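Engineer: Below is the structure I would like to discuss, written out as structure tokens.
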Amino acid sequence: MTKYRNLIPGLALSLGLAGAAIWAAELPAMKSLGLSALTLAIVGGMIVGNTVYRFVAEPSHHGVTFSKQKLLRAGIILFGFKLTFQDIAAVGFSGVLIDALVLTSTFLLAFWLGRKKLGLDEQSVILIGAGSSICGAAAVLATEPVLKAHAEKVAVAVATVVVFGTAAMFLWPLMYQGVRHLGISEFSYGLFAGSTIHEVAQAVAAGKSVSDAAMNTAVITKMIRVMMLAPFLIALSAWLANKHSGGHQKKQAIAIPWFAVAFLVVAGFNSFDLLPRALLQQIISLDNLLLAAAMGALGLTTHISAIRQAGAKPLLLASALFGWLIVGGGLINAGVATLLH
């Protein structure tokens, strides 16, 4: 009983930050900026963590750690209720292929540039690459337990998602206005936005800026990228196990991220449309709360001084990936459209 009682202060603090972030994310000003509850939760957590948290750090430690680890995994699993496999059919094979090519090329470019050219550490490169190539802050959060990454590196990766994802959200609609006279449809724009923008909330805003139809296509394409998170984490876990075996005959056991497998199972279950709409909305609201609490807890344990020490290289890597998402993402979209139509 004492063990569970020790969780209460930190859990209450994490959930309080999450509740405030969810409320703030619904404000018109925040919606217009495409700032999700996850982003606001980590910002709020960092503000508290670098000011008054030290006064309650000791009694809150266990609950904050629980939020970062257990609530995070539960949140990723429940995230599957936002998806159905029918979503894939809505954009067809071309949407899936575009997402797969953008994800793979962006992550491989991140690894090559980050490690070979910028000399960044492996954890930072993988976290930034995952955030840019898959689904922003949620991907960074989900990758953290597989890597056992440091909180400061996670916070830096999330910061790059916020900076460049927000830039994309404003820039993509402007780019479309400049090229729509070339006959590029709103459906094609939606595919491009969904396959290249970092966060789901940012994809919603970028699509809505053009039309409701573009927004629907962007969101579905984006959610297919989210669905690719599970196989990515399993592949990453297998690669890390093989790498850390050091080439010895006895391979290190693959630490399968079961929460990622459960995420896919939940998405599969959700595809049968068995749950009432009202219950599904309640589950999704709970999921938002759990993920925001995990982000708030992460912010509480992130020190600004450590982020400063990371220097400019993480931003340089993220900016290069941003450029690739514009140019490379555009070429991939155009190439697949030409190939399949």
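For all residues, glycine too, the Cβ spot is worked out from N, Cα and C.
Features from Swiss-Prot:
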- 7-25: transmembrane segment (TRANSMEM)
- 35-57: transmembrane segment (TRANSMEM)
- 88-110: transmembrane segment (TRANSMEM)
- 125-147: transmembrane segment (TRANSMEM)
- 154-176: transmembrane segment (TRANSMEM)
- 218-240: transmembrane segment (TRANSMEM)
- 253-275: transmembrane segment (TRANSMEM)
- 290-307: transmembrane segment (TRANSMEM)
- 314-336: transmembrane segment (TRANSMEM)
Engineer: If you count Cβ pairs under 8 Å, which stretch among 7-25, 125-147, 218-240, 253-275 touches the transmembrane segment (290-307) the most?
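Structural biologist: Maximum Cβ contact count belongs to 7-25.
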Engineer: Answer yes if the transmembrane segment (314-336) and the transmembrane segment (218-240) have at least three CB pairs under 8 Å among residue pairs 6 or more apart in sequence, and no otherwise.
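Structural biologist: Per Cβ check, the transmembrane segment (314-336) does not touch the transmembrane segment (218-240).
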Engineer: Counting CB pairs under 8 Å, which listed stretch among 7-25, 88-110, 125-147, 218-240 touches the transmembrane segment (154-176) the most?
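Structural biologist: Most Cβ pairs under 8 Å with the transmembrane segment (154-176) come from 125-147.
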Engineer: Which residues of the same chain, at least 6 past either end of the transmembrane segment (35-57), have a Cβ under 8 Å from a Cβ in it?
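Structural biologist: Those are 9, 13-14, 17-18, 20-22, 24-25, 136-138, 141, 155, 158, 161-162, 166, 199-202, 288, 291-293, 295-304, in sequence order.
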Engineer: Are there residues at least 6 beyond the ends of the transmembrane segment (253-275) whose Cβ is under 8 Å from a Cβ of it, and what are they?
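Structural biologist: For the transmembrane segment (253-275), the far contacts come to 73-74, 76-81, 83-86, 142, 145-146, 227, 229-230, 233-234, 237-238, 240-241, 283.
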